[in-house]
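One structure is given here, and the rest of the page talks about it.
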Amino acid sequence: MSSICRQILVRPLCRYQFLASASRAFSSGNEVDLVVIGSGPGGYVAAIKAAQLGMKTVCVEKDPTFGGTCLNVGCIPSKSLLNNSHYYHMAKSGDLNNRGVEVKPTLNLEKMMAAKAGAVKALTGGIALLFKANKVQPINGVGTIVGPNEVSVKKTDGSTENVKTRNILIATGSEVTPFPGIDIDEQQVSVKKTDGSTENVKTRNILIATGSEVTPFPGIDIDEQQIVSSTGALSLKKVPEKMVVIGAGVIGSELGSVWQRLGAQVTVVEFLDHAGGAGIDMELAKLFHRTLSKQGMKFLLSTKVLGAKKEGNKIMVQTEAVKGGKAQTLEADTLLVAIGRRPYTAELGVENVGIKLDERGRVPVNERFQTCVPSIYAIGDVIQGPMLAHKAEDEGVLCVEGMAGGPTHIDYNCIPSVVYTHPEVAWVGKSEEMLKAENVKYKVGKFPFSANSRAKTNNETEGFVKVLGDKETDRLLGVHIMGPNAGEMIAEAVIGLEYGASCEDIARVCHAHPTLSEAFREANLHAYCGKTINNV
């Protein structure tokens, strides 16, 4: 890569400083520069960054703990269960015995859930400490925008507090998507606090970071006991004998995998013709489907769910093939609805300032994350784009840097996706299907983990690394990995894409031996010159 390229792309993270007005136009004592609504990955990161840039910052959170869906009932607790259920599966399946560690495993689900809760408590408590260290003022309650520069906070005791602000950042996130036919058991922000009172916060800016919520399935009543969303699936009291999962995307695949490892018979129903969710390369999707099937999960692809009802202590799920209309009824002890998430905008009050949501319930923003009201911003799950915690974090930092006068460019092509099953699946950039649709001439480089020294010694050889490069310029276009630690390995691919690396650039970088990352180097070597060193 040329030095010119580096000069263009590299910029210091702490270069910008927010300049507060010498005299404020507000009279109340609760006047700030920025109110962030939502403390998920996007919201809390944005609040901390804003405070570091010199802004007087308030972060409003409706739940008792910080961290949003990701830390409390999403990516963090699910990874704890994925990790520990994998250890149990290694012991139960005889894998540990084959490695010379002879054990007779017994599942203690209560202790496994306690370990999950401990991880969540430590991380959510960590955010509170970070807020204190960076002088971010947290307010617990429901925040409602009541003007371009004012937020009203309603507390649990019924009182109200108003905060005046220069800017507002919406980071409310998303909620679970409902399933039709299945009922699941001046610039001002108003915040309804957990004590019942309401506090109004006047602010120069408002940042909406409210995130998302589970999408319900119309006609299916989610009670979080037998019929559960991802939230309930993380806290089941016992291992179900039979579990049906609606949706073979990231959430359905991960949580279905957890309970299959712990002993449940898991059947996954997916409307699409592949597992793994949107954006996955089809070659990878086929191997992913095949691998999880070998592990014991059953898939009904190209199948739609018509409804579900309880009969005694069982749940009967009615399904039908997308083509041909073949009907089938599945019996389950637990039904997991995992059809996605939707933007969370309940009680946000955007209508009070003339902001209209798009057809999918998202807050429209420009390239600086501004809404049609210049002092109100939005990031994360509540705006367009993939609902990923790391995407929200990047947007949060760039958004507040933009308020301080910095650039706000983000390349969404360089946002990675990871499925934390075993083996893991990760990808970034373009898939073959995307490149074909865009009429881009490309080349493919591949390297199997079965030919990688570290994977062999670890007895984890399932999967491969697949690299897509421009056929004429050799520039890296996309990377797709299925294998051990794919979620960690994808970071190198993200850097390569972000800085415009060629396949040759990566192939000529020395990688430590023996490491899994050598497979990425070999795949790039294959794309660059058509041959690898350690595979035939």
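Quick reminder: no glycine exception, Cβ is built from N, Cα and C everywhere.
What TrEMBL says about a protein is an automatic prediction, not a curated fact.
Together with GLY247, ALA248, GLY249, VAL250, ILE251, GLY252, SER253, GLU254, GLY340, TrEMBL lists one candidate of GLU270, GLU320, GLU359 for binding NAD(+), that being GLU270.
GLY143 is the residue from GLY143, GLY147, GLY276 that TrEMBL records in the FAD site together with LYS79, THR210, GLY211, SER212, ASP381, MET387, LEU388, ALA389, HIS390. SER253 (NAD(+) binding site) sits 32 Å from HIS513 (active site, proton acceptor), taking the Cα positions as reference. Taking the Cβ of THR210 (FAD binding site) as reference, residues of its chain lying under 8 Å away and at least six apart in sequence are, in sequence order, ILE37, GLY38, GLY43, ILE170, ALA171, THR172, GLY173, PRO343, TYR344, THR345, LEU348, GLY380, VAL382.
Spacing of SER212 (FAD binding site) relative to CYS70 (disulfide bond) is 10 Å (Cα to Cα, whole number). The record assigns LYS79, GLY143, THR210, GLY211, SER212, ASP381, MET387, LEU388, ALA389, HIS390 to the FAD site; their largest pairwise CA distance measures 30 Å. Look at GLU270 (NAD(+) binding site): DSSP puts it in coil.
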